[in-house]
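Q: Structure incoming, see below.
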Amino acid sequence: MQIIHTIRELRAWRKNAGKVAFVPTMGNLHEGHLALVREAKKRADSVVVSIFVNRLQFGQGEDFDKYPRTLQQDADKLAAEGIAVVFAPDEKELYPNVEQRYNVEPPNLQNELCGKFRPGHFRGVATVVSKLFHIVSPDIACFGKKDYQQLAVIKGFVEDLNFDVEIVPVDTGRAEDGLALSSRNQYLSAAERDEAPRLYRELKAVAESLVQGSLDYAGLEKRAVQSLTEYGWVVDYVEIRRADTLEVARAGDKKLVVLAAACLGTTRLIDNLEIKLP
């Protein structure tokens, strides 16, 4: 396995790499990331995993400085998976100008759901992913469904800007108690970790009501927020949306997703659950 740090070297490798699948990450890899890697391996001759903590997608007061940088441990995990290349550029390599002068601006979705609470986050995501697509030139890119809004943003700009890459969504990896796997789970105290699976349980309760025929979307959202709040969560949102577009769900929609973001202590957790109605 190669660890490549420069764009020039990565592009030189790419010329003879055949069909390439790509998994972009910020490192600190866990089983959820490795599930993406394994899916990527099924679909291509070679897999590239990028490791880059992208400053542009962190807002003021967020955890950019304390986000774990664990390149050697990550490389060991990826070597064990048989990955061809780890692309680990530094900030100057990916952003040679002091300021990124041109950005990818996702319309609509940028200011909804998580975008309301993390201004500029999805601009940062879309910009860095588009840069990485230009550098790696993958045939396929795998993204986890845990970051459902991020996945929708990436699908949107790939379609609208004619990127020649197939986006492969991969189901959310979960711990045995249902908690979605996330690098930020390590910030949780022992007591918070015990409480954290409640977020997924509330999503399942909403989904069950929808499957049983409830059309009181606002009521279901409100009850989930109230339940989480009673147990000490600070809730950003619980919302039911159309799964394909993330537009507000309407009666008669068959493919839905319920999404949530909430803070437990100082740790912000997100999760979602897709629902197909009969």
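Placement of Cβ uses the backbone N, Cα and C atoms for every residue, glycine included.
Fair warning: this is a prediction, and the values are worked out from it, not measured in the lab.
Annotations for this protein, taken from Swiss-Prot, read as follows:
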type     : residues                        : note
ACT_SITE : His33                           : active site, proton donor
BINDING  : 26-33, 144-147, Gly173, 181-184 : ATP binding site
BINDING  : Gln57, Gln150                   : (R)-pantoate binding site
BINDING  : Gln57                           : beta-alanine binding site
Q: Using all protein chains shown, find which of the recorded positions His33, Lys145 scores highest when you count other CB atoms within 10 A of its CB.
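A: Going through His33, Lys145 one by one, the largest Cβ count within 10 Å is at His33.
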Q: Among the binding-site residues listed here, Gln57, Ser183, which has the most company in the form of other Cβ atoms within 10 Å of its Cβ?
A: Gln57
Q: Pop the Cα-Cα gap between Ser183 (ATP binding site) and His33 (active site, proton donor) into the table, whole Å please.
A: 10
Q: Around the Cβ of Leu29 (ATP binding site), how many other Cβ atoms lie within 10 Å? Please give the count over every shown protein chain.
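A: Total other Cβ atoms inside 10 Å, all chains included: 23.
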Q: Indicate whether Gly32 (ATP binding site) is helix, strand or coil by DSSP.
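A: Where Gly32 (ATP binding site) sits, the three-state DSSP reduction gives helix.
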Q: Given the binding-site residues Met26, Gly32, Lys145, Ser183, find the one whose Cα is closest in space to the Cα of Gln57 ((R)-pantoate binding site).
A: Met26
Q: Between Leu29 (ATP binding site) and Gln150 ((R)-pantoate binding site), what is the CA-CA distance rounded to a whole number of Å?
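A: About 18 Å separates the two Cα atoms.
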Q: Which number gives the other C-beta atoms within 10 angstroms of the C-beta of Gly173 (ATP binding site), all protein chains shown included?
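A: Its Cβ shell of radius 10 Å holds 19 other Cβ atoms.
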Q: Looking only at DSSP and grouping its letters into three states, which state does Lys145 (ATP binding site) belong to?
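A: For Lys145 (ATP binding site) - judged by DSSP and reduced to three states - the answer is coil.
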Q: According to DSSP, does Gln57 ((R)-pantoate binding site) sit in a helix, a strand, or coil?
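A: Note: Gln57 ((R)-pantoate binding site) is helical by DSSP.
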Q: In sequence order, which same-chain residues at least six apart have a C-beta under 8 angstroms from Met26 (ATP binding site)?
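A: Looking at Cβ-Cβ distances below 8 Å from Met26 (ATP binding site), excluding near sequence neighbours, one finds Ile51, Phe52, Val53, Asn54, Tyr67, Ser183.
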